[in-house]
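This report concerns only the one structure given below.
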Amino acid sequence: MWKTIVRRFLIMIPQLFVLSLIIFILAKNMPGDPFTGLITPQTDPARIVELTEKAGLNDPWYVQYMRWVGNAFQGDFGLSYTYKRDVADLIGERALNTFWLSLLSVLLLYLIAIPLGILAGRYQNSRLDKTIVMYSFVTYAIPTFVLGLIFLFLFGYKLEWFPTSGSVDVQYDPGTFSYFWNKIYHIVLPSITYAILGTTGIIQYLRSEIIDAKAMDYVRTARSKGIPMRKVYSKHIFRNSLLPIAAFLGFTITGLLGGSIFIETIFGYPGMGELFVSSILSRDYSVITALVMLFGFLALLGSLLSDIIMSIVDPRIRIE
Amino acid sequence: MKKTKWSLIALLLSVLLVLAACSGGDDEPKTEESDETSSEDTTKGEPTSENSGDLFEMAVTHEGEPIEGGTLQVAMVADSPFQGIFNWELYEDNYDSTLMEWTTNELFETDENFMITDKGIATLEVDQENKKATVKIREGVKWSDGEPLTIEDVILPYHIIGHKDYTGIRYDSEFQNIIGAEEYHAGTADTISGLKKIDDHTLEISFKQVSPSINYGGDGLWTYAAPAHQIADIPVGELVENDAVRKNPVTLGAFKIDKIVPGESVSYVRNEHYWKGVPKLDGVVVKVVPSSSISVAIGSGEYDIVQSFSATKMPEIQDFDNITILGRTELAYTYLGFKVGKFDTVEGKVVTDMEGSKMGNQQLRQAMGYAIDVEQVSEVFYDNLRERANSLIPPVFKAFYDDELAGYTYDPEKAIALLDEAGYEDVDGDGFREDPNGQPLEIKLASMASDATAEEIVSFYLQNWADVGLNVTLTTGRLIEFNTFYDMVEADDPEIDIFMGAWGTGTNPSPSGLYGDADPFNFSRYTSEELQSAITAIDSAEAFDTEYRAKQFKAFQEHIEEVATTIPMQFRYEIFPVNKRVKNFSIDYANEYKYHLHELELVAEEPIAN
């Protein structure tokens, strides 16, 4: 298995290489450049020309690409044109924000979805089951921004239970406990929004797996051996039904850094989703390429993780 | 029976959701040309002038006994984090400049006509004959860390902007007007030779040319100080990443930065050393608030002052009784441009070619201006927070704005008459006019994509033109993304005959840069002797006489109206919702709040809720 993992990592190198090439060419082919947005009637066109030249944007794309690859190998992803900061620092700051938000979201997501999925499957066709299925369809149909705004209005402004924007209040000093607590406080509402909306897939998978499993031979065997139904569910059916969910776990873990533009915009939370979209709009090439590379790497890593998790959960599966 | 009940509930639920979705949809983030404004309104000088905000109050008149100290809660409406470059020489983002207003390093104050007065930290004296200016700073002014302000702090910004490692846009032809700036930029001189320190409080600057715009902060004059004792030793290339710019800048304004949450909020405390006196407030907190929830936040009394509020959200807040809504016209206009030439990039000049251009016919252009019902668009889509513009000079510039100019108003009969007269007639009977030679006429319009209403508004204008028999279609078939739009317009893309754009004018309304014969941003590519002579005259030495300058401005406005190569469309209002507990706040350019921050007071402990 270790051999396979090492091999998979080695294959990633050409994959990422091709990805970087594609994204670089596409990014450079977008109309405009980072300086287009700075133009005012007072702007001197000659200065824009000078800055473009200085930034090396007039070189042929392969020259720029080679320069970028050279620097990237030394861990230098350049300076953001918009934020005038080191890209790695900028992404690091946003990634940390996004990571905490996503982590809480995913925890809540599983906390809501798994019990509901199990109950729906176990008591199939009961009123409870129908309610859960209805709930999952309804949440599937609600757009993120609608629920986000409703929650914000209700719990943020009307009931004043939660803060309404940002990731932390300005008066706290980083490193203190109150700072940390205030941060958690800020991510609760967006996390709940995210968790409620994301449950459908897991509930449906789990429910249908359990319904299928109930009719399986091994369940009948277990029952005929006199094992109580409760135990059959917790020991036999549950573990088998979790397989499809485990299959996605790798992606879920690496997906923690993706961020959601809707949640971030509504709750005024600076995260990766916002950074990605705004960097594209402002043609912040260095940030775009670094982010796509990061997302690409995470996707590959996610699929590898999923395979590993599967082999642990289901001993019949072996990575060769 | 059981089944029916459930489906009924499901139906009810879905109806509820649809309703909820509708009410939520109103609050949906609206970009509202945010691209356009943020990028174009980045102005060098700071807006300062009187203004004709007839629709709105420009100052609050809240009564009440002020409380001791207190913290002002400010919302800055933005859907993305601010960049956080707190330095006047380096910042690029408008939000950063809004944040810096509380701590400003501005040397000069200006009057309602945007002219530099002697009420600020520094005074300006211009020696027209010798092309020199003398900047004199007050004695006894201190930085927020208690260090005295010296003339070195006034000289330093020039050496930052002129430096070869400086990456901002402010090293431009205007800056090169300072003698020695180019040598310093090229690295052949260690200092800018045109800057001469007379004594600890006086600086003499020598220019290549001196024009009236120096009195408005132009010609290369820099109007901010930089704390030399804090940043002079930091290499210019590394300055932008330094904590002295990002975290703890030393400043001159009424407040100083206390804490920052990157991209989200800034808290300020009062500056005990402020030269106009110790501010009455304890501090200020400015927070970025998403546009989707700002209206609710205003109603629930979360904030005292709201900046960058989008005027299109006016209907959501106008009934709140806990706020006063202040408003003034923006230093900007939107326009309809007609391509009548090309830009010769080799020679660097505008080449007008009326005969060879589809839009070369003056009557055709005028007719297109009369045909569009901008008035109705302003009323229906913008609640009259935009109005039909009659000039390319916003009315805020009272001295130069020509209010007698008729401009183009909605008059389809006149449009039809003009087209008939010019020989544009429908020969083949398809409902659209052909050109005078009988060839089909299809006019391509380029317009920018922004919020949902942009599409509706453009379709409305297309219909207006169809009503007078003109076949106008969209370049590329749809609205064009901001960057692409300006790329295509600047490159004189053959697919563009006419285009709708916007300009923020800054505090200097001079048309040079936008309508001159060597300006790449002269997008309609129109120039003529008459136009050029007016533009040159506006910035000539004679124009130090304001009356003469106003006359030239008038000539410029009249000429452009006549030839109609650029037709002004709308002026816009910017509005500031202010909570009723705030005292001494004014957005009147003649008496703007930024010069009176130390006098701000609150009359209640907490912002008042609706």
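A Cβ is built for glycine as well, from the same backbone N, Cα and C atoms used for every other residue.
Taken straight from TrEMBL:
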DOMAIN    A:95-306  domain 'ABC transmembrane type-1'
TRANSMEM  A:9-27  transmembrane segment
TRANSMEM  A:99-120  transmembrane segment
TRANSMEM  A:132-157  transmembrane segment
TRANSMEM  A:184-206  transmembrane segment
TRANSMEM  A:242-267  transmembrane segment
TRANSMEM  A:287-313  transmembrane segment
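Sequence-remote contacts of a segment are chain residues at least 6 beyond its ends whose Cβ falls under 8 Å from one of its Cβ atoms, and for the transmembrane segment (A:99-120) they are 128-129, 132-133, 135-136, 183-184, 187-188, 190-192, 194-196, 198-199, 202-207, 210, 233, 238, 241, 245, 252, 255-259, 263, 269, 271. A contact between the transmembrane segment (A:132-157) and the transmembrane segment (A:184-206) is present, since 3 or more of their C-beta pairs, 6 or more residues apart, lie under 8 Å. Only residues 6 or more beyond the boundaries of the transmembrane segment (A:242-267), in the same chain, are considered here, and those with a CB under 8 A from a CB of the stretch are 94-95, 98-99, 101-103, 106, 114, 143-145, 148-149, 152, 164-166, 189-190, 193-194, 202, 205-206, 209, 273-277, 294-295, 298-299, 301-310, 313-314. Sequence-distant contacts of the transmembrane segment (A:287-313), counting only residues of its own chain at least 6 positions beyond either end whose CB sits under 8 Å from a CB of the stretch, comprise 1, 5, 8-9, 12, 15-16, 19-20, 23-24, 27, 68, 72, 77-78, 80-83, 87-88, 90-91, 239, 242-243, 246-255, 257-258, 272, 275-276, 279-280, 319.
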